[in-house]
Amino acid sequence: MVPPSSSMDPSPPPSWFTPKRLLIIFCVINMINYVDRGAIASNGVNGSSETCDDQGICKSGSGIQGEFDLTNFQDGLLSSAFMVGLLVASPIFASLAKSYNPFRLIGVGLSVWTLSVAGCASAFSFWFIAICRMLVGVGEASFISLAAPFIDDNAPVSQKTAWLAMFYMCIPTGIALGYVYGGYVGGHFHWRYAFWGEALLMLPFAVFGFLVKPLQLKGFSPVESKKALASVETDPSVTDVADSKALKLDGRMMVGGDGIIGDELSKTSKSESIHNILNQLSRFAKDMKVLLVDKVYVVNVFGYIAYNFVIGAYSYWGPKAGYNIYHMKSADMLFGGVTIVCGILGTISGGFILDRMGATISNAFILLSGATFLGAISCFSAFCLRSLYGFIVLFAVGELLVFATQAPVNYVCLHCVRPSLRPLSMAISTVSIHIFGDVPSSPLVGILQDHINNWRDTALILTSILFLAAGIWFVGVFLHAVDKSNDGSQPVSTPRITSRKPLLDGNVDESLCEV
């Protein structure tokens with residue numbers, strides 16, 4: 001028998017790895033991730049295509065768009081290319097979290113991200129940088145799916161939404177810093193240096209993900225349990241095979257006195273691997289069915305999709321639209337500064353307000369619908385004004401309200417499902433808001449602008465979609481919502497040995513099946 005104090009119990013985290021330090025580390029990683037999003041959208045890195053006046057005098061392009069001679073549609077596709085990797089990798093990382101330590105999976109993802117961004121810096125063609133942007137999405141998938149559940153596990157009970165707000169505050173702040181960073185580096189040096197800088201900033205965290213003692217997620221078994229299981233199978237006190245001798249004769253493996261043909265073992269191993277893969281797919285299908293029939297989850301994600309459609313287009317086309325509508329001399333700096341201030345204040349305020357209201361799913365929907373509706377009114381009114389200063393004031397108020405939704409929407413994703421489903425919940429939510437939200441929005445807005453050739457009208461049409469998001473979230477207020485964050489919190493256990501009958505007894509096939 002395995003003693004009660006076996007290594008199958010989760011080991012305590014390192015003493016220096018406090019919850020607050022975990023939050024800070026994840027916030028910095030998230031910040032760097034979204035600095036990349038802002039940098040590639042900035043005028044300094046993204047640049048502009050070649051332009052010619054009526055007299056035939058042409059001005060050479062700048063940045064990525066100018067170097068690779070991209071149309072607005074191609075430029076929009078480049079910003080959305082990361083979604084391909086994110087779409088494929090997010091469900092995979094969420095499923096692997098049940099078999100491998102989630103903290104180590106984050107390390108793998110950050111390593112892929114770092115190498116991919118370095119590839120963007122050395123790109124020699126449009127298709128090469130597009131492929132690198134796809135791989136950036138693979139790296140992002142592991143972190144986005146798994147970081148929020150770690151924060152939810154370690155946050156104080158009365159401040160869970162506030163901690164999530166601090167984490168998601170890094171999205172608008174990172175994008176805004178990316179505008180400033182990309183504009184400065186691209187304007188004073190070269191757009192390639194912006195990507196090299198991001199890769200160097202992320203590299204220590206990628207290494208950190210492999211070197212630090214891994215943490216565990218609620219609802220998942222520790223990785224050490226698999227090692228313990230393996231040790232039980234080979235423990236002499238359990239299996240009594242310490243005195244047995246394995247003899248290899250004429251390509252046949254002899255255990256004690258009974259022979260097991262190597263080919264048969266190989267076939268058994270392959271059959272077992274196929275069986276495990278089928279089990280993984282079956283479990284993934286069952287988990288997906290649970291999510292898709294959950295009305296609270298579906299309504300929350302639909303609202304998030306409409307919301308992200310607008311925010312994604314704002315983040316990519318905002319500086320260029322502001323430059324053309326109001327003739328801003330430094331659109332990157334202005335949009336970046338406004339978004340930093342409003343992103344920080346709005347996101348943190350949303351988290352603290354929900355905690356004050358009482359962190360429940362129904363209250364989260366009330367805050368989501370109300371803040372989005374008021375924010376839509378402010379942003380729509382801002383683009384109607386001719387005055388630059390009036391636009392800045394109203395747009396800042398609108399961003400303040402719109403960004404207040406970041407913590408509540410992810411709170412609903414985490415708390416409307418069981419703990420073991422949280423990584424998949426975050427993964428599917430992330431994939432959905434990108435594939436139906438900001439991924440199509442950037443090229444579609446580019447096509448719309450190419451057709452009507454009026455940035456003000458384009459911005460007004462885009463902003464009106466925020467009213468749709470507010471309406472969808474308002475439906476969630478009337479749904480019966482139950483917080484399931486503490487349901488089924490027992491770990492997903494690894495298989496236990498049903499028989500410890502040694503192989504020497506001659507029942508080889510039966511023992512293999514039981515193990």
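Each residue, glycine too, has its Cβ placed from N, Cα and C.
For 22-482, the entry in TrEMBL reads domain 'Major facilitator superfamily (MFS) profile'.
Under the heading transmembrane segment, TrEMBL lists 77-96 (among others). Same-chain neighbours of the transmembrane segment (77-96): 40-41, 64, 70, 105, 109, 126, 129-131, 133-142, 144-146, 280, 283-284, 316, 423-424, 426-428, 430-431, 434-435, 438-440, 442-443, counting only residues six or more beyond its ends whose CB sits under 8 Å from a CB of the stretch.
The transmembrane segment annotation in TrEMBL covers 103-128 (among others).
The transmembrane segment annotation in TrEMBL covers 163-181 (among others). For the transmembrane segment (163-181), the list of distant contacts is 23, 26-27, 30-42, 147-148, 151-152, 155-156, 194, 197, 315, 319, 332-333, 335-340, 342-344, 346-352, 399, 403, 406-407, 410-411, 414: same-chain residues at least six beyond its ends, Cβ to Cβ under 8 Å.
Within its own chain, the transmembrane segment (193-212) has Cβ neighbours under 8 Å at 14, 17, 25, 28-29, 32-33, 35-36, 39, 44-45, 103-104, 106-108, 110-111, 113-115, 117-118, 120-121, 181-182, 185-186, counting only residues six or more beyond its boundaries. For 193-212 (among others), the entry in TrEMBL reads transmembrane segment.
Positions annotated as transmembrane segment by TrEMBL: 296-317 (among others).
Taken from TrEMBL, the feature transmembrane segment applies to 333-354 (among others). Residues of the same chain lying 6 or more positions beyond the ends of the transmembrane segment (333-354) and with a Cβ under 8 Å from any Cβ of it are 38, 161-166, 168-169, 171-173, 175-180, 183, 318-319, 322, 363-364, 367, 371, 392, 395-396, 399-408, 411.
As annotated by TrEMBL, transmembrane segment applies to 361-383 (among others).
As annotated by TrEMBL, transmembrane segment applies to 389-409 (among others).
The feature transmembrane segment is assigned by TrEMBL to 421-439 (among others).
The transmembrane segment annotation in TrEMBL covers 459-482 (among others). Remote same-chain partners of the transmembrane segment (459-482), defined as residues 6 or more beyond its termini with a Cβ less than 8 Å from a stretch Cβ, comprise 295-296, 299-300, 302-304, 306-307, 309-310, 313-314, 321, 325, 360-362, 365-366, 368-370, 372-373, 375-376, 379-380, 383-384, 402, 412, 416, 441, 445, 448.
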Counting only residues 6 or more past its boundaries, what in the same chain has a CB within less than 8 Å of a CB in the transmembrane segment (389-409)?
161-162, 164-165, 168-169, 171-172, 300, 303-304, 307, 311, 326, 334, 338-339, 341-343, 345-347, 349-351, 353-354, 364-365, 367-368, 371-372, 374-383, 466
At a C-beta cut-off of under 8 Å, are there same-chain residues at least 6 beyond the transmembrane segment (103-128) that contact it? List them, or none.
29, 33, 36, 68, 70, 74, 78, 89, 93, 96-97, 135-136, 138-143, 146-147, 150, 192-196, 198-199, 202-203, 205-210, 212, 214-215, 223
What is the average pLDDT across the domain 'Major facilitator superfamily (MFS) profile' (22-482)?
78
